[in-house]
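If you check TrEMBL, you get these features:
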- A:Cys44, A:Asp46, A:His105, A:Cys108: Zn(2+) binding site (BINDING)
- A:203-225: region 'Disordered' (REGION)
- A:212-225: compositional bias 'Basic and acidic residues' (COMPBIAS)
Protein chains: 4
Amino acid sequence: MHSFPTRLLSGYRTFMAGVYRNRNEQYRELAASGQKPTTMVIACCDSRAAPETIFDCGPGELFVLRNVANLVPPYAPDGGQHGTSAAIEFAVKGLGITDVVIMGHGRCGGIHAALTSPDPLDEGDFIGKWMSLLGPVAEEVSRYSFLTTAERQTLLERHSIRNSIANLRTFPYVRALEAQGALKVHGAWFDISTGELWVMDSESGDFTRPSPEPEDRSLVHDHET
Amino acid sequence: MHSFPTRLLSGYRTFMAGVYRNRNEQYRELAASGQKPTTMVIACCDSRAAPETIFDCGPGELFVLRNVANLVPPYAPDGGQHGTSAAIEFAVKGLGITDVVIMGHGRCGGIHAALTSPDPLDEGDFIGKWMSLLGPVAEEVSRYSFLTTAERQTLLERHSIRNSIANLRTFPYVRALEAQGALKVHGAWFDISTGELWVMDSESGDFTRPSPEPEDRSLVHDHET
Amino acid sequence: MHSFPTRLLSGYRTFMAGVYRNRNEQYRELAASGQKPTTMVIACCDSRAAPETIFDCGPGELFVLRNVANLVPPYAPDGGQHGTSAAIEFAVKGLGITDVVIMGHGRCGGIHAALTSPDPLDEGDFIGKWMSLLGPVAEEVSRYSFLTTAERQTLLERHSIRNSIANLRTFPYVRALEAQGALKVHGAWFDISTGELWVMDSESGDFTRPSPEPEDRSLVHDHET
Amino acid sequence: MHSFPTRLLSGYRTFMAGVYRNRNEQYRELAASGQKPTTMVIACCDSRAAPETIFDCGPGELFVLRNVANLVPPYAPDGGQHGTSAAIEFAVKGLGITDVVIMGHGRCGGIHAALTSPDPLDEGDFIGKWMSLLGPVAEEVSRYSFLTTAERQTLLERHSIRNSIANLRTFPYVRALEAQGALKVHGAWFDISTGELWVMDSESGDFTRPSPEPEDRSLVHDHET
C-alpha cells in the first residue's frame, strides 16, 4: 500500500494546531447546524488562485466550485450529468446563496490552451471540448494580431468571465432571483504575479481595481505584523 | 451597478497585507514560470472543507477541482463538455501530477440528497442526475435499516470516495501511469465537526486516522499521573 | 502441583508496592463498608479493552461485567442460570447503580465470528449460540455488499451496543428507573488502535467523539504557524 | 439527551495522556495483529477487584470474563445462550489460552446472598438462580454453626473457586488440554481489605500466600516513591 502524501499530512497537522484549534467551536457549530454560506465562488482549479486564500475566508464562508478556467455552461436540462450546473443549483436553490462570484485569473492554462493551436492538450478527449464552452470567441481573439500574446491571454480570461456570467443567467432561477434583487452576480480577476484583484463593473463589463484602502498602505512598511 | 461583496474585499486586503506580502516573490515566480503542483485534490464545494485550509497549503501546491460531493464520472469521450474529466486530463496529462487525492467530508449535502427520498433538491434539473454517478449504491445504502441515519450518510460518503477512485481508473492514462508507479491515487475524508482527517487504505478501502507523529506526542503533558 | 503464572505474581507485587500501598486505607474502608459504585460497565472479555484501564478507575468505582462482545440478553425470567442478567439485577437492584455503560470495541472477535461464515469458531457449542443474541442483524449486515469488511465489523459492533441497550430496557426495573430519571444507560465504543473513545448519542444512537475539554486544548502549542 | 458520566470522561483523558501515550505503538500493534493473551481470568464484577489492577497487567495480557461471584457453569451444550461458556470456548479454542485463573475475593456480595436467607436479592429473578450454580453447598455451609459469619463467607468464597474449577473441567477440551499439559487451571482469592493474594494449591485445594519477595519488604518503608 502506498502512503498518503507527507506534505499534506504535515500541513494537516499545522491546520489542527492552528486554524482548527482556534476555531474548533465554530467547526462543531458548523457541523451541527449545517453550512449557511452566502457567497458562491466559481473559480479555476489553478494551484495559485485558491479563493479561500485570496479572500482570507474561513470555514463556512464560501461555497466553492472549481473547474478548468472557471467556466459555466449554459442551462441545459438534457438529462446529462452536469457537475457545474449541479453545483449552481445546489448553491442557489439549496443554500439560498445571495452572491455568486466568477473569479478568473492571469496565466490560466485552460485559456492558454484555447488560444493556442495546436496545443499539446488538444490531443486529449476533454479539455478542448470543455474550453469550447467559450464558443467561437477563443478562435476570434487568437486572430487579434495587433495585440501581444499576453494581451490576448488576459482579454480572453476576462471575456471568459463575462461569458460565464451570461451563461449563468440562462438558469431560470438565477435570472428570476436577480430580477427580484435576491441574488447578485459578480466578476473578478486575480493577477497571480502582482496579487492584484480586479473587479468587474457589472454594467460595462470592464475590470478595474477597487479603490485603495488605508490597509493597503501598510504594504509599504518594512516591519512584519 | 451593485458592488462587490464587502466581506471579500476586506478579506482580500488581509490577504494582501499578509500572505501576499510575505510571499510576493513566490507569487511572481509562480506567475513567470507557471504552476508545477504535484498534487491534485478533488474535493466538494462545501464551504466548510477547503483543501488549502485543511492541508495548510500555499500558492502553487494544490491543483483543486471542486464539485458537489467530489464525484468523478467514468471515462466517457463522447464529445460532451465534461468539466471534471477536463480537469483530470489537465492535471494528469498537462501538469504531470503525481498524486491525486479524492477528499470527501462529513455532512455532505450532495450525499444527503442522494440518500433522501423525496429530497427538496430532487425538483431540480441537475443535482439528482449528478448524484446518479453513484449508481444504485445510494438507494441500496438507504435501505440498510440496521444503521442509523448518520451511519448511512458516513458510509455513502466513504463509498463515494472509493467510487470516484474506481471511475478515475477508467481513464486510460490514469491506469497506465498508476501501473508504472508514476501516479498514486488516494482517498481522504474530513470530519467537519472534530477536524479529523481519515485516510483511505489503498488496498482495503478502509478509512483510518493517520498514526501519530513525533509532533503529536509533544502535545501531551510530560508528567505521568 | 503446577505453579501460579509468574507474570501474575510479579504484577501482583507491583500492585502491592504501588496502588495498594498508596491506597491501603481506601481498600480497608471499601472492605469494611462495602462497595458503593455508581456505575456499571458491561464490556467485552477482550484483553485489549479493560474498562478500569480505559477509564483510569480505581477500586470501588466500576462494577464490571465482561462477556464475549458485551452482549445483554433480553429479560427472560425462565428459571435459567443467566449470568449477565444476574449481574444486571445485582447492580441495579442490589447496588443501586445510577449509570450503566455498554462498552464495545473495535476488532471484536465475537462480532467477527458473527459476521464470518463459516468461522472456525462455529464448530464450538457456545459462541455461535451466544452471538445469536444479535438476532438476524449479523447475517443482514454481512450482506451489506457496498461496505468494506472493516466497515461491516465496526457497524455491527456499534449496532450490538444499541442492541444490548434495547435488551437492557426489557428488564422491568431498568425501564422503570429510567423513566424516573434514576438510571441512565450509555453506549461507548473503544478503538483499540488509536485509543479513541466514541460515545453514543442516547437519542440518535450515533457514535461521536466527546468534544474537547480545556485540558485538551492545553495540549496544543501556543504559537501560531 | 443525557450526557456520558463525567468521571469516565476525565478518567479517559488521563488514560490517553498516560497509558495510551506511553504505549500507543503497542496498542496499534495489538489492533493490527490481534490479541494473543496467554491467560484468561474469570473474576467477579465487584468494583474492588479488577484483575488488571491486582495483577498490574496492560493491554493484551489478560482475557477477562467477569460475572457475579466468578462462577463457571458445568458444560451444557443444550442450545442455550451461555455467556460464560462462550467466553471459555473463545479463550481456549479460539485464542489458545494456556492458563485459566479463577479469582475470587473477600466480601463477595453474590456469595453473601447465597449464604443469607432471606436475602433482599432473593426477590429478583436471576441472582438466586445464578448462585444456585454452587449447588447445595451454600445451604450446607450456612448451617456450619460453629463458624463465625465471616468464616462461613470466606470458606464459601474459596469453595466456590474450587467448584468453578471442577465445572471448568467438565468442558471436554479443557480436560483434554490439561491432560496434555497444554492448559493449566489456577485458583486465587483476593483479600480486599489487606490486599493479600491467596493462591490455591492445585492438589489440595488449600489457599496460601505466595512466599514473600524482596519487593514486598519495600512496603515497610515510610517514604513515598
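Glycine too: its Cβ is placed from the backbone N, Cα and C atoms.
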Item to check | Most crowded position, judged by CB atoms within 10 A, among A:Cys44, A:Cys108 as binding-site residues | outcome: A:Cys44
Item to check | Sequence-distant neighbours of A:Asp46 (Zn(2+) binding site) in its chain (C-beta under 8 A, six or more apart) | outcome: A:His105, A:Cys108, A:Gly109, A:Ile192
Checklist entry - Hey, which of our binding-site residues A:Cys44, A:Asp46, A:His105, A:Cys108 end up with a Cβ under 8 Å from chain B? => result A:Asp46
Checklist entry - If you take the centroid of the Cβ atoms of A:Cys44, A:Asp46, A:His105, A:Cys108, the listed Zn(2+) site, which other residues of that chain have their Cβ within 8 Å of it? => result A:Ala43, A:Cys45, A:Arg48, A:Ala49, A:Ala69, A:Asn70, A:Gly104, A:Gly106, A:Arg107, A:Gly109, A:Gly110, A:Ile111, A:Glu157, A:Phe190, A:Ile192
Checklist entry - Including all protein chains displayed, how many Cβ atoms other than that of A:His105 (Zn(2+) binding site) lie within 10 Å of its Cβ? => result 24
Checklist entry - For A:Cys108 (Zn(2+) binding site), what is the secondary structure state per DSSP, taken as helix, strand or coil? => result coil
